Amino acid sequence: MSAAAVTRRINAGGLRVEVTNGNGAAGVYVAAAAAPCSPAAKRVNDGGGKDDVWVAVDEADVSGASGGDGVRPTLFRTYKVKGSILHPYRFLILVRLIAIVAFFAWRVRHKNRDGAWLWTMSMAGDVWFGFSWVLNQLPKLNPIKRVADLAALADRQQHGTSSGELPGVDVFVTTVDPVDEPILYTVNSILSILAADYPVDRYACYLSDDGGTLVHYEAMVEVAKFAELWVPFCRKHCVEPRAPESYFAMKTQAYRGGVAGELMSDRRRVRREYEEFKVRIDSLFSTIRKRSDAYNRAKNGKDDGENATWMADGTHWPGTWFEPAENHRKGQHAGIVQVLLNHPTSKPRFGVAASVDNPLDFSGVDVRLPMLVYISREKRPGYNHQKKAGAMNALLRVSALLSNAPFIINFDCDHYVNNSQAFRAPMCFMLDRRGGGDDVAFVQFPQRFDDVDPTDRYANHNRVFFDGTTLSLNGLQGPSYLGTGTMFRRAALYGLEPPRWGAAGSQIKAMGNANKFGASSTLVSSMLDGANQERSITPPVAIDGSVARDLGAVTACGYDLGTSWGRDAGWVYDIATEDVATGFRMHRQGWRSVYTSMEPAAFRGTAPINLTERLYQILRWSGGSLEMFFSHSNALLAGRRLHPLQRIAYLNMSTYPIVTVFIFFYNLFPVMWLISEQYYIQQPFGEYLLYLVAIIAMIHVIGMFEVKWSGITVLDWCRNEQFYMIGSTGVYPTAVLYMALKLFTGKGIHFRLTSKQTTASPGDKFADLYTVRWVPLLIPTIVVLAVNVGAVGVAVGKAAAWGLLTEQGRFAVLGMVFNVWILALLYPFALGIMGQWGKRPAVLFVATVMAVAAVAIMYAAFGAPYQAGLSGVAASLGKAASLTGPSG
């Protein structure tokens, strides 16, 4: 195994160091660089907003938050749902649970012997629906909101022993493919991190390029250059957000800086430089290829021969080449660790005044940049590289040798820092010992997205999950880890137990002696420092031979073999949802987590608005959930340190796709409209109908209470219901099938990388929404659509043949109501498969009416009306039980 290629670049600057003498203007900029540039966070006095849904858990704590009594205030506030909402909510859950049990008991006493097979199938489905609903609902009984108090954190800094009281943070960004994950997203993510409002000498940024492409590396070189302009500009004018693409796309913005008169000229200059920067980024593929072709021709003397990919300095790129070759192809290349921006000194370095060569005045602005490191781990044939989890563990080890910050934030490459104080907010929970901060393994922020279509057709915002289900877990051990926008305690990622269960030093020593962390003694010796939450980051280290060898060792593809990496340490392997499994391991050890949000949102990203890509995304999530259930991460196998309701929450996360198998078959039952025999799911039918109506109504009333306390909209809730049904008719049953095949064949599941929206259309930013990518995954839901449209047509035909006033006609219309309900839930899917016609929903309505009319006419003309009209009604009503499944 070859050692990692290690180089080091001088902290790009070229700017003359000029310390100001403390004049008024300089004072403004210095304050902006040393303290939060954004407005100081207001002391939190309520958590609920205008409608006062939330009340403080301890009013005395909030009222005394100023610390006037000499006691330092807590760094966060805790709120609960007020009793007038919470108590009726819990009571309805209890009543519905009793109704479900009574319903099952009644069905057992009134078994339908005429259609025993149908009754047995529906009974099994209803039991599972009820069980799944209980798993989903119980963890929501005690929703808790926790809010970071940044003002209290600032007070703590101000009255601390030094202004650098905040601990060190390592920021991880992961990417693989510069095409499926457009490189412009990645560079904006890195730029927003470099410009974050956090002590510049106390955090470092790492990019993991798991594809090993020169495009990503040279993009980071360009980022390091452009950051010399962008970061001081952000500090000078208190820019929000600090991703340039998002900032320049904003129409208006409140100015929070101190030199408003210079903003417009500075902004025009920086925007011009950014447009040139984007041109260079967009042309990297052609630039590198042209350069490589020229070097190859010069070396070979002709057009054929070795087609190497060349760096700008005239050397071979050690990663993957455009033209694959031995040791330079995807899945086979050397490890690479390159420091692009050095660790800055602890002393501020101010920019220069405006001049002909430097049109922007940075004379009072700290122009230091955080440490920036590019990493691509070694890959060789025959090794299981474990995808994102393997890349994250390589990042964890490399960062331990270079900066070793006690806290870590991870991002997907399409997310950026939307609130410059986002790195400070998690510290309010991690550092507050009176609030149990020592036992907090990670802080999870909600995922917010840009460029989602205005109606959020495919529930990309997923607010029911984030602001409802995930927030409610704050009342237990905390939310699960959701893959991005998360701050970790490094000690928890190493697999150490919370301090109350054992000292970090003894745990590290025991695991190190057992070779659980691998053969690098330097890595093991760094762990105790990394577990100290008070420390900053490691001072600049010289990349000499020994450090280079250590870096090469910890990025080697075989380093994990025979160790605890991927199971008891680092991110968990062999599960598609490595994020949830990793968070579960921490919770089962006794750690806690916190879910919090802030305004503006801490982080924002992009979401797939194309139907096919969205379905592939939830296929990967649901398949990974099932993998988790059939692994050592099964919640049933956890010990006593896992809270009972937290165990139920994880059990629900890992089994929710199973219930959709019943939903799928229920949605196909309307086929029975075409059968001339009578099919009764349950008799007596009237009582059965009353039970269904009551149970379905209660779940919707409970949903409205959740809408109230979670702060989401009714549209968010409706979109969630719709997309749950879309997933239940295709994606989730497919995930169950994949898992069954894995269990029987032993072969793993391959889930493709979700491609972000890339359809170019200058006139329509949502062009990808109307692009149809036909894949087999769409077929089951199309079949369900066709069956239910046909069932409505047959119901209309039966009503016309028998007459609306007859018993058969009334039952036919009643059954049709449930078919129409299913079609309403599948409405976004129907628009999606219409492509460009989906821009005109009226076309879908007309086409549906015509299809229903055609089926009705055919039935009335050729199908003799039978007394079995109730069969379709019963089958359709059976689908109503699907609504007892989890809605969040």
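Note that Cβ sites are derived from N, Cα and C of the backbone, with glycine treated the same way.
Taking TrEMBL as the reference, the stretch among 185-204, 725-744 described by the feature transmembrane segment is residues 725-744. Between the C-alpha atoms of Glu181 (UDP-alpha-D-glucose binding site) and Lys388 (Mn(2+) binding site), the distance comes to 14 Å. Each of 89-108, 777-805, 842-862 was scored by its Cβ pairs under 8 Å to the transmembrane segment (688-705), and the highest score goes to 89-108.
Spacing of Asp412 (Mn(2+) binding site) relative to Asp579 (active site) is 12 Å (Cα to Cα, whole number). Residues 611-612, 615-616, 619, 664, 667-668, 670-671, 673-674, 726, 729-731, 733-734, 812-813, 815-816, 819-820, 822-823, 826, 829-830, 833, 848, 851-860, 863, 865, 869, 872, 876 of the same chain sit 6 or more residues outside the transmembrane segment (777-805) yet have a Cβ under 8 Å from a Cβ within it.
For Asp579 (active site), the nearest of the recorded positions by C-alpha distance turns out to be Lys388; the candidates were Asp210, Lys387, Lys388.
When the Cα atoms are compared, Lys387 (UDP-alpha-D-glucose binding site) and Asp210 (active site) turn out to be 8 Å apart. Note: the CA-CA distance between Asp210 (active site) and Lys388 (Mn(2+) binding site) rounds to 8 Å.
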